[in-house]
Protein chains: 2
Amino acid sequence: MPIEPQEERQRRGPLMTGGTPLRSLDEDELLARILPTFPEGADLVVAPGDDAAVLRTGACTVATTDTVVLGRDWLDAWSSGADIGHKVIAQNLADVAAMGARPTGVLVTLVADPDLSLEWVLDHVRGVADACAAAGVAVLGGDLSSAPSGVVMVSVTALGRLDGEPVLRSGARPGDVLAVRGSLGLADAGLRLLQAGAASRHPVAVSRQRRPEPPLEAGPEAAAAGATAMLDLSDGLLRDGGRIARASGVVVDLDPAALAGDVDALMDAVGAEAALDCVLAGGEEHSLLATFPAGSVPPGWRVLGEVRASGAGERPGILVGGRAVSHTGWDHFRNA
Amino acid sequence: MPIEPQEERQRRGPLMTGGTPLRSLDEDELLARILPTFPEGADLVVAPGDDAAVLRTGACTVATTDTVVLGRDWLDAWSSGADIGHKVIAQNLADVAAMGARPTGVLVTLVADPDLSLEWVLDHVRGVADACAAAGVAVLGGDLSSAPSGVVMVSVTALGRLDGEPVLRSGARPGDVLAVRGSLGLADAGLRLLQAGAASRHPVAVSRQRRPEPPLEAGPEAAAAGATAMLDLSDGLLRDGGRIARASGVVVDLDPAALAGDVDALMDAVGAEAALDCVLAGGEEHSLLATFPAGSVPPGWRVLGEVRASGAGERPGILVGGRAVSHTGWDHFRNA
């Protein structure tokens, strides 16, 4: 049953414009609405509101940052403020987990047109807070800044606690296997369905596009199980798998049979060619991709291929069934 | 001698537009130009380039973030890319120091119109790298994102290592004294001179506006000396001093005689009334303001006033020579 636009709109949440403009509150009033909603997590010592927050840490802290911009990373028509909050937190926490660390805190910056609606901002803040609370992560602070007309961007920095050794991209060795934890291609299929105005054809894919579900606990688990390399799938299996291959100086060979089920599951919704594209090159999935010594793959991970040494004259890289497939993935400035 | 516009322009560095547009490089090419310039600091374990960087930490980590936007926080005509790099790093590290912590790492995000000049970006990166290297701070990572035409913003998150107790804003007690480490009013006077096209009247003030010089080492020193409250002067003496007073539930009374020298030093450049305004309400100075038990003020700090309990019916706040003075300071959204 196709979703009614009206219902879909209500489900999406408040619009970015209309309602109460952000400029009708001063910064302190706005912060008074926002700060109480933020979770504190287990490791917070001093909450936001002073010059800086204080977080209890261990021997090592993992840090990463990622930014989303209205019109480039999301459209108001497709994603609510809460969706964007969930998504930007998920993609940052996925990077922390992909080092083998446990996410502990985030800082969130909103730079926005003062005509942006307060309702959107509060909905967005709720999304950020919910995603952090679900992961046991503290909101350590942030910044609010006004931007030229039409500009809305959210920048997040995520911190994590690392108790063992970090899992880098460069540690894959010949004889390892490549495995994934989580789905493949759903987020890209969801994007294509939104673009085609056909969200009802695969609601799970559309939901994954709006709110990725990185398997955060699987990052430290993989590290403990002896993962030799790991990253999260942000730019697609071929591009991200190729990063592991090149950083490690090895060849990663994907088994087409291991991907057939993922492709089949998307075929009805987006067609055969697009389904293959989604699985091989679809971005924003934020599943974890890792290499393990053969025989050490933890439960819940699916083996997708194998790692071997590059032959004479062969460059490190990724193959599918022994053959090169070209997909360049995304590039922010060239596609702008 | 007035500075020639041509010389001033050359001294300022590359323009934001013209030259090579950012869009002519892909993200990997741009990162290859940027990443090698970043300092590693003493505490870096894994440098940027993986999913996240890894930093050696202690029992507690301090975290803060601050963003600057072209047209609101700076103008191309007044500040070079390197100036903006220095400034955004300085203001973030000042917040870390104001907790009594030692800055250890930053993450830097640039969201920019793809027509922005590559030369400006590389100049900016040099400013970031120089400011971090001077403070012994690692660049832990960042993000590059394209933005609508005309938009350039830089968002920084700074981390610091805290080995003792954090110094909050809320710890000032009756009988303490209020003291400052660093200058007062210079950055605001510099801004007024740039606005008036009269930079040559006080080059030091203009330089302070472009490149603040927070006394970073003084933060941990003040903490060790027993500072009861501390912050960095980002929004002016009255507003920031008032924050300490209200958070601590005390009255802070500034001694006009202690400020007279600061006012006198700016009078020739900006006039008497503006000089007083700069000293009392000038933002972006990033000196440290702290309270200490009387007799415990460390060398290098200047006493500006005293802390007393609020009288019957008197609200906590800041006074000058026993009298209330109203300055609301800045507000980002209302003034936008």
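The backbone N, Cα and C atoms fix where each Cβ goes, glycine too.
Together with B:Asp51, B:Asp95, the Mg(2+) 3 site in TrEMBL holds one more listed residue from B:Asp232, B:Asp235, B:Asp240, which is B:Asp232. When the C-beta distance to chain A is held to under 8 angstroms, none of the binding-site residues B:Ser234, B:Asp235, B:Glu284 remains. B:Asp143 (Mg(2+) 1 binding site) has a Cβ environment of 21 other Cβ atoms inside 10 Å.
In three-state terms derived from DSSP, B:Glu284 (substrate binding site) belongs to neither a helical nor a strand segment and is classed as coil. Close to B:Asp232 (Mg(2+) 3 binding site) in the fold, though at least 6 residues off in sequence, lie B:Gln91, B:Ala94, B:Asp95, B:Ala97, B:Ala98, B:Pro214, B:Asp240, B:His286, B:Ser287, B:Leu288, B:Leu289, each with a CB less than 8 Å from its CB. Under DSSP, B:Asp95 (Mg(2+) 3 binding site) is assigned to a helix (H, G or I) in the three-state scheme. When the binding-site residues B:Asp51, B:Thr64, B:Asp73, B:Asp235, B:Glu284 are ranked by how far their Cα is from the Cα of B:Asp143 (Mg(2+) 1 binding site), B:Asp51 comes first. Broken down with DSSP, the domain 'PurM-like N-terminal' (B:49-161) shows 35 helix, 48 strand, 30 coil. Counting in whole angstrom, B:Asp235 (Mg(2+) 5 binding site) lies 16 from B:Thr65 (Mg(2+) 1 binding site) by their C-alpha atoms.
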